[in-house]
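> Relevant sequence annotations retrieved from TrEMBL are reproduced here:
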- B:Thr65, B:Pro66, B:Ala67, B:Gly68, B:Glu69, B:Gly70, B:Lys71, B:Ser72: ATP binding site (BINDING)
2 protein chains.
Amino acid sequence: MKTDIEIALEADMQPIGDIAAQLSLTAEDFEPYGHYKAKLSDNLLDKLSSRPEGKVILTTSINPTPAGEGKSTVTVGLGQALNRLNKHAIIALREPSLGPTMGIKGGAAGGGYSQVVPMQEINLHFTGDIHAITTANNALSAFIDNHIHHGNELQIDPRRVEWKRVLDINDRALRQVNVGLGGPAKGVPREDGFTITVASEIMAVLCLANEIQDLKARLARIVIGYTYDKKPVTVHQLGFEGALTLLLKDAFKPNLVQTLENTPAIIHGGPFANIAHGCNSVMATKIAAKLGDYVVTEAGFGADLGAEKFLDIKTRAGHFEPDTVVIVATIRALKMHGGVNKNQLTTEDLEALKQGMTNLKKHIETIEQFNLPYVVAINKFPTDTEQEINSLTEWCKQKRVEVALVDVFSQGGEGGIELAQKVIESSERKTGAVSYTYDLDDSIEEKIYKIVTKVYGGDRVEFSSTAKKQLQQLEREGHDKLPICMAKTQYSLSDDPMLIGRPEGFTITVRELRASVGAGFIVALTGDVMTMPGLPKKPAALNMDVTEDGIITGLF
Amino acid sequence: MKTDIEIALEADMQPIGDIAAQLSLTAEDFEPYGHYKAKLSDNLLDKLSSRPEGKVILTTSINPTPAGEGKSTVTVGLGQALNRLNKHAIIALREPSLGPTMGIKGGAAGGGYSQVVPMQEINLHFTGDIHAITTANNALSAFIDNHIHHGNELQIDPRRVEWKRVLDINDRALRQVNVGLGGPAKGVPREDGFTITVASEIMAVLCLANEIQDLKARLARIVIGYTYDKKPVTVHQLGFEGALTLLLKDAFKPNLVQTLENTPAIIHGGPFANIAHGCNSVMATKIAAKLGDYVVTEAGFGADLGAEKFLDIKTRAGHFEPDTVVIVATIRALKMHGGVNKNQLTTEDLEALKQGMTNLKKHIETIEQFNLPYVVAINKFPTDTEQEINSLTEWCKQKRVEVALVDVFSQGGEGGIELAQKVIESSERKTGAVSYTYDLDDSIEEKIYKIVTKVYGGDRVEFSSTAKKQLQQLEREGHDKLPICMAKTQYSLSDDPMLIGRPEGFTITVRELRASVGAGFIVALTGDVMTMPGLPKKPAALNMDVTEDGIITGLF
């Protein structure tokens, strides 16, 4: 089979104006960025308010493994399949970050015959959204240091500036830096660090805002650090929410592209899935729902992190609900959850598969707790045996779980017809509202306890002494009514990445609590979370080139 | 009179496709970026090779003063005036940098009724070129630190990494930083610093490359630092020229916009005018020459820096020559060169004006030395008296210097008709080739001596002991045949900013020499050059906003 980039470069793309026309958009509703990308007006929601809303389909998965689940590929393939069934389907995805693209081989735009295109542009600078966020984030850092330098009227404690600088690059040498060195002309010395741009609170803010004034209000609320007497200092006190909004006004507009089969796709926003909520923007999903009969969207990592945050954070911020959920699993990954080693996945192992299904089972229960219908999608790999597939489908049938075999990677939309049909049926089965994991009025401890017991299947929560102090501080500052954003390993339902399958009886330890007041959630950190990746010894960038013939190589 | 932003927002812009059609470009020659910006194909030069070349007009000025000379405004107004005379004129300008826009009031896209539009977009993220350069520059930094971290095969001395990180932000706290702190997982500690993006060598490389493979070859030659035994280390040795080229492939395409009067304008590249050459890209100027009968372009600062580098560096790299030069002067600025204080410029002072003309005289002589015809443009201010204007025009007539009174700021192209007519005549008067200031085969010392004596009117050059050592090193490394890029104060012909007018008998001290091997020049530093600006106590950003009605405020 051809490589992803070979397939992508052969795509028969339609001019983006034709894709827009297909969605009944007029010339003032979008701005072209090149021939195959466009920015949608952020006034579209107002303009389309009388249009009915399409069904929202959330794609999630079991806990990820090195075997790969292909959640984005299934998301794109499902959209293409719905289109083949003559449904107006539209896909809403996250924007990929450049840092990892340069570091380790791999894009973030689906795979095989289920990709969004032009993938080489989507995976490079795209329409500049992430660069605008980098700029706004670092402008704020400069404003903070400038304030301290010029008299420090707000009495910001340089030791307690929590706002970090960012770059959309994997660069371990920037994890911890000292800035302001070299004497009075070069600012006030202090300890600082860079995170990757997608971990900036501004990314989360952009993804959760409902319109541009909401964006500005959220930016204004961001807490950048503390004064010498430990009072929080906000962007509003510094007076820069207007300038930051101006820097973000175009980045706030969702981006329209298409799939290999010309299904419209909106790609917008890409916050980290641990210290942030890991979903594309509220704006994108809501506009997509106005433009299509079916919106297929995804959330980062497995259902314990991505779907939980999609439901408890994103849909609350955006005042909408999904209609159904697709839970993606692969035979390979289930076998890994059953204890099989990565290099033995091609050998049939029905016992391990059965063991691994306990992980799938937990995520099914979680979606049921949210009171949402769902379909399990088995994302087929060439090495899956018939016995293995039968074993998994039989198990689903016994449990009265809707299941569909999917092969969108090698067949495109055609390989997702069965799933599409079941998803259409499933989206009609929703009864009543989503049942959130916790009430916003619950205490922070209660909220975390409910996530741990209901979603992770754990027994207890422990708070470090630091976290306990922070708990009290957040209550004092009145931030305890915000939803919780858990930062936990994606590899396990627990906070120990080695505990695969369906661990039980475990305790989750909350090491630290941080308020992302602008984004509107409290981050609960369990274990170390790396917010600035490093590069491998031989980065993927070494293979990249633009040849004499103008051909791009090495990107994927 | 209305403010710049008020005028700009009222502009009757044509869709960018219409501007492109006016230049006989077809759909595959450009990609729209929104409704009023486009990127031109970097293959255009090949495609248009059989078209005749238009006349290239270089706009330069006397030494800048706080009174302002309005060089960009005259450049834009002249293009508009040529258009009014039914000439196919096209303007080629530099891209503004975001950092200063956020810091101090002011855009870089002309003024009054001679502006390029959409100015708010041109002054914000534009088409993302500068962000792409930031990304490429910092990716290279990450690759360097990653190489050192993973065994340092090339034996790069962490104390001798000369490649700095960049941001397009005014941020004094980043002038000197320590990176790689915090232990083995966070890289190798070393001293580093950030410059503003437009000071990145990659910006100069992008502006001097003739086509994308030349861009790659120049990137490959960049020297990032030295080994423990003081051997230069290049990007090619690291192996990342392909990846950097890929990151820059879209930024390398010139941007098409228009003026308030719908005259086409190509805005592309904006290197610093001290440590770099301060001109828009070779690609932009050469494509403009293929698309218009007249190209009006400018170079940074006064003729001693901008025009000299345009001629001795840019036209040599691009293998082209201008046909005529416009030297911009204002009565106000000439009076300052004659000793008048900034707050007394509204008082008539014929004596000071006469004194100040010595500065203009020197720049006229410089352009004559280059063997180029020229016109002096008096950029009119409302406070200029008739006596003062008469005095200056009389002086020009006595000296047989072509002179035109210009009022393009308040009248648009109409205020530049006289200048346009004289420029058309002047562009026919060119006799023979440009006479460069120095031969490339001259020694570094000879080249600098010739610039100082012929262009600055100084007597002597002194080299610091550091510079002397670097001189020998550059010769050893075989870089002594490159042209020279002088980094000198823009306020004086000498290296002392206080020596206004036409100082004589002075010595220029070269403090340091640096090879920008990728860009293809040797930077000779005289005095301190600040490559990362700071912010004032109350940055312009404080006044910026996006109002409830969606109106942008405070940008200019």
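Using N, Cα and C of the backbone, Cβ positions are placed for all residues, glycine too.
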> For the binding-site residues B:Gly68, B:Gly70, work out the Cβ neighbour count at 10 Å and name the residue with the minimum.
B:Gly68
> Please work out the number of neighbouring Cβ atoms within 10 Å of the Cβ of B:Pro66 (ATP binding site), leaving out its own Cβ.
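B:Pro66 (ATP binding site) is surrounded by 10 other Cβ atoms within 10 Å.
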> Measuring CB to CB from B:Thr65 (ATP binding site), give everything in the same chain under 8 Å that is also at least six residues away in sequence.
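Looking at Cβ-Cβ distances below 8 Å from B:Thr65 (ATP binding site), excluding near sequence neighbours, one finds B:Arg332, B:Ala333, B:Met336, B:His337, B:Tyr491, B:Ile500.
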> Across all the protein chains here, work out how many other Cβ atoms are within 10 Å of the Cβ of B:Ala67 (ATP binding site).
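Here the count is 18.
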> When you measure from the Cβ of B:Lys71 (ATP binding site), how many other Cβ atoms are you left with inside 10 Å?
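Its Cβ shell of radius 10 Å holds 26 other Cβ atoms.
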